[in-house]
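Peer 1: Just lifted these from TrEMBL, have a look:
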- B:Glu255: active site (ACT_SITE)
- B:29-474: domain 'Aldehyde dehydrogenase' (DOMAIN)
Amino acid sequence: MARIDVRKTYKLYIGGAFPRSESGHSYEVQDSKGKFVANAALASRKDVRDAVVAARKAFPGWSSRTAYNRAQILYRIAEVMEDRRAQFVQAVQQSEGGTAAAAGRQVDEAIDRLVWYAGWADKLAQVVGNANPVAGPFFNHSAPEPTGVVGVLAPQSSSLLGLVSVVAPVIVTGNTAVVVSSYSRPLPAVTFSEVMATSDVPGGVVNVLTGDAAPLGPWLAAHMDVNAIDLCGVAGDDELSTALEVAAADNLKRVRRAPAAEPDWSADPALSTMTDFVETKTVWHPIGV
Amino acid sequence: MAFEYAPAPESRSIVDIKPSYGLFIDGEFVDGHGSAFKSINPATEETLAEIAEADAADVDKAVKAARRAFRTWSRMPGKERSKYLYRIARIIQERSRELAVLESIDNGKPIKESRDVDVPIVAAHFFYYAGWADKLEYAGLGANPQPLGVAGQVIPWNFPLLMLAWKVAPALACGNTVVLKPAETTPLTALLFAEICQQADLPAGVVNIVTGAGDTGQAVVSHPDVDKVAFTGSTGVGKAIARAIAGSDKKATLELGGKAANIVFDDAAIDQAVEGIVGGIFFNQGHVCCAGSRLLVQESVADEVMAKLKRRMGTLRVGDPLDKNTDIGAINSAEQLARIRALAEIGEDEGAERWAPPCELPSAGFWFPPTVFTGVSQAHRIARDEVFGPVLSVLTFRTPSEAIEKANNTPYGLSAGVWTEKGSRILHMANELRAGVVWANTFNKFDPASPFGGYKESGYGREGGRQGLSAYLKAGA
C-alpha cells in the first residue's frame with residue numbers, strides 16, 4: 001500500500017513563532033486549476049495588532065545591527081532558499097500555474113533579488129547620504145535611517161518574486177515589517193516564512209499574515225504604531241487604496257501608493273524601493289579647538 | 001544685572017509699503033476676487049496694507065499661468081534657469097536690508113534675526129539651488145530626471161521669506177513652476193519677492209503668488225492640475241492635506257510641528273548649553289517648528305542649569321522688533337498669543353511651576369515674556385503640545401537611556417539637541433534620537449546645503465541639500 005503523506009499545517013508567522021490565527025479561522029487555498037491544496041490561516045484584526053507589537057519590539061535590535069550583519073542575514077535567506085529551491089518551484093507552480101521552468105525562473109530571480117538587496121545594506125548610506133558643506137565651522141552630515149515598522153500589502157499575483165521584491169528592500173535598511181500575503185496564493189509566503197525562521201532573521205523582523213488585504217489593510221493603515229505602508233497588494237483597486245491612504249494620514253505614515261496594475265517584477269528595482277522607507281537624519285556639531 | 005541700552009531703532013524709511021496689494025499671477029499684479037484682508041504690524045497693531053484674497057477662480061488662473069510657463073521653463077537648459085536663480089539671489093542680497101526691515105515689521109521678529117539669519121539664508125538658498133539647476137543628473141534619480149510640473153506651495157508665518165526660499169528655489173531649479181500662498185498674517189515679503197522676480201525678468205507664470213487664508217491654501221493644494229504639494233505648517237493641516245491628496249498622483253512634502261528635546265548632560269559646557277537652551281526656545285519668539293521646547297537636564301546639574309538659565313533669561317530684551325538690541329520681538333498675531341496664553345495657563349493648572357523674568361511689555365501689540373516651566377511631567381500638555389511660543393518646559397533625567405526614552409516619547413520627530421563634552425555619547429545619542437535634525441553642542445542652525453525635515457508626525461520629505469531636490473524631481477524615462 002502507498003505511503004500516506006504527512007501534510008503541512010500552514011500558519012501565520014508572528015514574532016518568530018508560527019501561531020494559527022487567534023480567530024480560529026482558516027480559508028481554502030486552491031491551486032491554479034482550482035483544486036484544493038490546503039487550509040491557510042485567515043489572519044484577523046487581532047493578528048495584525050499582534051504582528052505590529054512583534055515588529056515594534058524587534059525594531060530597536062534589528063535597526064541597530066551593523067549593516068554588514070544585516071547584509072549577511074539577507075544573503076543567508078538567499079542561501080537557504082537556494083537549498084530549498086525545488087520546494088519553492090513546486091509551491092510557485094502550484095500557486096501560479098505555468099511550467100516548472102517558468103516557476104523555476106521566478107524562484108531564481110527571487111533568490112538573486114535577495115542577494116542584490118543584501119549588498120545594499122552597507123552601501124545605501126554611501127549613495128544617498130552625504131557630508132554637507134555648510135557655511136560655518138560645523139561638521140554636518142546626513143544619512144538614511146529606517147523609518148520603523150512598515151506595513152506591506154504584498155502583491156496578489158506574484159506569490160514569491162513579488163513578495164521578496166517588496167519585503168527585502170524594507171528590512172535591508174533596518175525596518176521591521178508586517179506583511180499581508182497574497183490572498184489566493186499564500187503558500188509560498190508561508191514557506192518563505194519558514195526560511196526566514198531558519199536564516200538568523202530575528203523573530204519579529206518580518207511577520208507574515210496570510211489573509212485578505214481588503215479587511216486587514218484598513219487596520220494596518222490606521223494603526224498608530226506603524227510608520228509606513230506599501231499598498232502594492234491592492235493594485236488596481238482605486239477605492240480601497242485611496243481609503244487606505246486616507247487612513248494612513250492619521251499618523252502621517254509614509255505611503256508607497258498602489259500601482260494601477262501589478263508591476264513586472266523581473267525589471268531591475270529602483271533605489272526608491274528602499275528610499276521610500278528611510279528617513280534622512282542630519283547631524284550638526286561645531287568645529288573648534 | 002541687566003545693562004540699560006538706549007533705543008537703537010533700525011530706520012523703516014527704506015521700506016515703501018503700498019496701501020494695497022494684489023495677487024501676482026502670470027508676471028503681473030492683478031486684483032483678487034475674494035474679500036481683501038489687512039496685514040498688521042504685530043508690535044503696534046497698526047494696519048500695514050490691504051491684501052487681496054485669492055478665491056478658487058484666482059487660484060485656477062494662477063495654476064493655468066504656471067502650467068503655461070512650465071512648458072518653456074522645464075525645457076529651458078538648466079544652465080539658463082540657473083542664471084535666473086543667481087539673479088534672484090543677487091537681488092535679494094542687494095535689497096537685503098529692505099527685506100529684513102519689512103520682515104520684522106510684518107512678522108514681529110527682531111531685526112537682528114531677520115537681518116542676520118532670515119534674509120542671508122534666503123539669498124544663500126537661491127544661490128545654492130541655482131547651482132543645482134544644470135547638475136540635476138547628479139541628484140540621485142538617474143541620468144535624465146524630470147520636473148514634476150506645477151508645485152502648489154503653502155507656507156507659514158514664522159519665517160515668511162525663508163520658507164518661501166526653501167520652497168521656491170529647489171522647485172525652480174528642477175524646472176517646476178510654482179503657485180505659492182504665503183500666510184495671511186505675513187504676506188508682505190512674498191509680495192516684495194514678486195517684484196524681485198520682475199526685476200530679474202523671470203518669465204511670467206514661473207512664480208505666482210496668491211494671498212489669502214485657509215480657503216485659498218486649500219484651493220491651491222487641491223487644484224487638480226497641481227502635481228506637487230509642499231506645505232510647512234501645523235501637523236493638523238498636514239494630515240488634512242495628506243487625506244485630501246490621497247488617491248491622486250500628487251506628490252507631497254510636509255514639514256510640520258515639533259516638540260524637540262534639548263538634552264543637557266552633566267559633563268556639558270554649562271554656559272554654552274545655557275546659551276543653546278536660550279537660542280533653542282527663544283529664537284524667533286519660539287515660533288519655530290524645531291524649537292528646543294523640552295529641556296531635558298541631567299538631575300545632578302539641574303539646579304546649576306536652572307540658576308544660570310534664569311539669570312540669562314533676565315537679560316533678554318523684549319520689545320520693538322526694529323530695535324537692534326531686541327532679543328525677543330512680538331508674537332505674530334492675537335490668535336497665536338491667545339494660544340500661547342491658554343497653554344501656559346494649562347501648564348499652571350496641571351501643576352507645573354511657571355517663571356518669567358520681570359519684564360515690561362509694550363502696551364500695544366502682542367507680547368509674551370520668555371517663560372519657563374519646571375516640575376513638568378511627560379503627561380503635561382506643555383510637554384506634549386507644540387506651544388509655538390517662548391515657553392520652555394523643563395524635565396530631568398538620570399541616565400542616557402532615560403533621556404532617550406523621554407526625548408523620543410512624542411509623536412513628533414523634527415529635531416533634537418544634545419549637550420555633552422563626550423564625543424562617543426554625542427554619536428550614540430545622535431543615533432538613538434528619532435528626529436530629522438540633531439544639533440550637538442549647538443542648536444537652531446540652518447543652511448541650504450543641510451537637509452531639514454521630520455520623522456513621524458513632523459512630516460515627510462526633506463528641504464535643503466541634495467535630498468531637497470528629490471522633492472521636485474522624478475526619474476526620467
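Backbone N, Cα and C atoms are what each Cβ position is placed from, and that goes for glycine too.
Each of the listed features needs to be described in terms of its position in the shown structure.
Peer 2: The Cβ of B:Glu255 (active site) lies under 8 Å from the Cβ of B:Phe231, B:Thr232, B:Gly233, B:Cys289, B:Phe452, B:Gly453, B:Gly454, B:Ser458, B:Gly459, B:Gly461, B:Glu463, each of these being in the same chain and 6 or more residues away along the sequence. B:Glu255 (active site) carries a strand DSSP state (E or B).
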Peer 1: When the pLDDT values for the domain 'Aldehyde dehydrogenase' (B:29-474) are averaged, what is the result?
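Peer 2: PLDDT averaged over the stretch: 98.
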